[in-house]
């Protein structure tokens, strides 16, 4: 027996079907690789792709649209790109590059893309940020006024660094640039400062050594390492500092403090030059492209001290530049010197003569850090730069003149002891209270009778003596941030007592 379907039922079924009709069409704009070499693909067919947009190859590799030409697009490949060849399909992702940020990545070693490379499992990040962001404007900033202590006497006394400052570390290879940066990270322990170390174009073994050193001193607990070694493509090396600064900005914008080290921007500029030349952009001075200044200025301008309305967070940058035979007048060094708020100049001759950290006090400056220096340091190190300059002058003169008058001889001897005081072994940063005490002792003649070669021994024995018998001195300097008459009297008494007992 056949059942008849009423016409109303048919129409209601058709209506229902039409209402629930859903078709999933995935529209993606694709193109084809027409040429590929040295980590750069020339792609045809991505007519609507935007500058800096992410694209995906059907091999699984990702890239960034870097050159937008009339008939093709120049794409820099992130990753090895070994399987990309002519004819490989490429599709637009319609998004810009983002990296994970937040506390989840603190203590980790990551690559340029924010992927973990330390074998400690996946990163569970709650927030992702664009790697290219605008730097804070003038009104969003506040002048630098809080100190960021490095733990190095020569820097904290003579070229002080403030939170939110950009201070360049510049010098030839093997002069201790990375050591200064690592010391600064170690000294941030307990200071509530998150540190980011960006390694660009370094050897994997060198970065592993840095990570091991940070772990030894318990500094990895508040540090992120972004690694783009020499084996990575030029694009990965070029983007690494931007990944690092994006991570730092998260803390800066959340009313916290961060420190970022770029090791080093010379290799960063070389990676950018390599990329630009492969993309056939016109070369300029030293074959660098015309926008190499903008490359570094937009990166370093993102370090800032924010105003109180925005939370008063800060991001301090310590870029490193490697010079060739002390040539600070080369293209990249002069560019970065003009962008930063001062520079710490390390010299090969000083390093080889045993003065370490090998800081050339005459050429090193801090343009804004003076406002951040605590009063106690200002009191003891006020004339130190001038005294050292006069000592260097006298030293040069005394090589030719044998008969020096009494005051010149005393000045020469005092200078020798001050140079000894500023020496410091690597990876042993000092608290600001200890720095103030030893510089006070040197500047006020307490070391004049101590042989120059015994100054380091004097210093190493002085701190335990004061901690045991005069702990209040450390406390007073720490709390008051200055040396008042009472503290000075106590310190003088302690130094006199120690000198009598010191077995030189």
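Using N, Cα and C of the backbone, Cβ positions are placed for all residues, glycine too.
Look at Swiss-Prot and you will find 171, 172, 173, 174, 175, 176, 177, 178 tagged as ATP binding site. The feature site 'Required for activity' is assigned by Swiss-Prot to 364, with sequence analysis given as support.
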Neighbour tally for residue 364 (site 'Required for activity'), based on other Cβ positions within 10 Å of its Cβ: 22
Sparsest Cβ surroundings (other CB atoms within 10 Å) among the binding-site residues 173, 177: 173
Same chain, 6+ residues apart, C-beta under 8 Å of the C-beta of residue 172 (ATP binding site), given in sequence order: 322, 323, 324, 325, 326, 346, 347, 348
Which of 171, 176, all binding-site residues, has a Cβ with the fewest other Cβ atoms inside 10 Å: 176
When distances run from the Cα of residue 364 (site 'Required for activity') to each of the binding-site residues 171, 174, 176, 177, 178, the nearest one: 171
Shell list (ATP; ref centroid = CB of 171, 172, 173, 174, 175, 176, 177, 178; cutoff 8 A): 322, 346, 348, 351, 358
Cβ neighbour count within 10 Å of residue 178 (ATP binding site): 22
Listed binding-site residues (174, 175), ranked by Cβ neighbours within 10 Å, top entry: 175
Residue 176 (ATP binding site): secondary structure state under DSSP, collapsed to three categories: coil
